[in-house]
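Some notes on the structure that comes next.
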Amino acid sequence: MVKETTYYDVLGVKPNATQEELKKAYRKLALKYHPDKNPNEGEKFKQISQAYEVLSDAKKRELYDKGGEQAIKEGGAGGGFGSPMDIFDMFFGGGRMQRERRGKNVVHQLSVTLEDLYNGATRKLALQKNVICDKCEGRGGKKGAVECCPNCRGTGMQIRIHQIGPGMVQQIQSVCMECQGHGERISPKDRCKSCNGRKIVREKKILEVHIDKGMKDGQKITFHGEGDQEPGLEPGDIIIVLDQKDHAVFTRRGEDLFMCMDIQLVEALCGFQKPISTLDNRTIVITSHPGQIVKHGDIKCVLNEGMPIYRRPYEKGRLIIEFKVNFPENGFLSPDKLSLLEKLLPERKEVEETDEMDQVELVDFDPNQERRRHYNGEAYEDDEHHPRGGVQCQTS
């Protein structure tokens, strides 16, 4: 039992969520609320990052489950939180040092079906990215018109000294307001008309995304050097993250495919043949021969009918089938046929009744029955401590 569920609620998962479920939840939410896509959702993005930072760490998660957010803030497992952007970069690839040398990576989520991952597919993805302005060649203005900002001397930062007491000063660093942190200044009349002095422009890019057989939900496809461009930096990457939709029949478990199959009692006892449509539009027939009893909950498999193995597409996992046996309704047989059926089935064990035994009857289980009894019991106890007046009839 966890003390509080706030972090789990932020990610939209249950307290018993696996690491894979946590990763999938973070991936979807982080891409949705990233400041580049939702500039007004900075606080939400921060909450998502903090929740994932704690729950993805086994020690921090254990501490949180026992003591809640207060236990984390008190520093029992390292204390404090990392930068939301650092967590995002570590998850999707990249990092601070990389960002200093290269332009920003662009991350896009691509929705795919289980059929796409089974058969392979090609998708065209249209997106917007920053490219260096070709009109001014990334200068922001005419040749010779760009000058070093005299206010910050080209650093893009201002340092102010603030005296906070006798003999005590505080050094405060802030973005230079004169050049907006660029370290350069361009006269408005000399600014490039195409990019308005920003050195970059937005451009539409069409990417052809090849989804190989056997790729997995959450797998990344990286287009190196196709990300945002910035003057003086190497272009970043475009990272495509595959997001698999749920399938109506099959569930993927690693290289295996899992499904449930309903069969009737006669099929469970006497054998059956069941067709299954595969993800590559073939039909395979599952056969159980007479005399091979299939019990409710039995799990069997078909070799080499699961998912193709990534980069080894001619090898496949297993198709795993869990059987659900449907029993007939009450009274489906007349008494004489029921006697005949009993003779055909294995003999049942008779119970020798004694005087010490009590006869009881089976009834259908009602999960709400105990709840109602508990509620009524509390009501009776309440009446004992707080007697209520009887209902009076109105008299004329």
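Cβ coordinates are placed from backbone N, Cα and C, and glycine is handled just like the others.
What Swiss-Prot records for C149, C152, C176, C179 is Zn(2+) 2 binding site, and it gives similarity to another entry as the kind of evidence. Taken from Swiss-Prot, the feature compositional bias 'Acidic residues' applies to 352-364. Sequence annotations record features per position, and here Swiss-Prot assigns domain 'J' to 6-68. According to Swiss-Prot, the S-farnesyl cysteine annotation covers C393. The phosphoserine feature in Swiss-Prot is assigned to S83, S334; the stated evidence is similarity to another entry. Summarising the annotation, Swiss-Prot assigns phosphotyrosine to Y380 and lists similarity to another entry as the type of evidence. Taken from Swiss-Prot, the feature region 'Disordered' applies to 351-396. Feature annotation from Swiss-Prot assigns repeat 'CXXCXGXG motif' to 133-140, 149-156, 176-183, 192-199.
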> Apart from its near flanks, which chain residues at least 6 from the ends of the repeat 'CXXCXGXG motif' (192-199) lie with a Cβ under 8 angstroms of it?
Replying inline: 132-133, 135-136, 138-142, 186, 230-231
>> With an 8 Å cut-off on Cβ distance to the C149, C152, C176, C179 Cβ center, who else from the chain surrounds the Zn(2+) 2 site?
In response: P150, N151, R153, G154, T155, G156, M157, Q158, M177, E178, Q180, G181, H182, G183, E184, R185
>> Return only the integer: C-alpha distance in Å from C152 (Zn(2+) 2 binding site) to S334 (phosphoserine).
In response: 97
>> To see if you understand the setup: which same-chain residues, six or more apart in sequence, place their Cβ under 8 Å from that of C179 (Zn(2+) 2 binding site)?
In response: C149, N151, C152, G156, R185
> Just the number: how many Å between the Cα atoms of S334 (phosphoserine) and C176 (Zn(2+) 2 binding site)?
Replying inline: 92
> Does DSSP give S334 (phosphoserine) helix, strand or coil?
Replying inline: coil
> Are there residues of the same chain, six or more positions away from C176 (Zn(2+) 2 binding site), whose CB falls under 8 angstroms from its CB, and which are they?
Replying inline: C149, N151, C152, T155, G156, M157, Q158, G183
> What count of other C-beta atoms do you get within 10 angstroms of the C-beta of C149 (Zn(2+) 2 binding site), across all chains shown?
Replying inline: 20
> Quick one: what's DSSP say for C149 (Zn(2+) 2 binding site), helix, strand or coil?
Replying inline: coil
> Across all protein chains in the structure, which of the recorded positions C152, S334 has the highest Cβ count within 10 Å?
Replying inline: C152
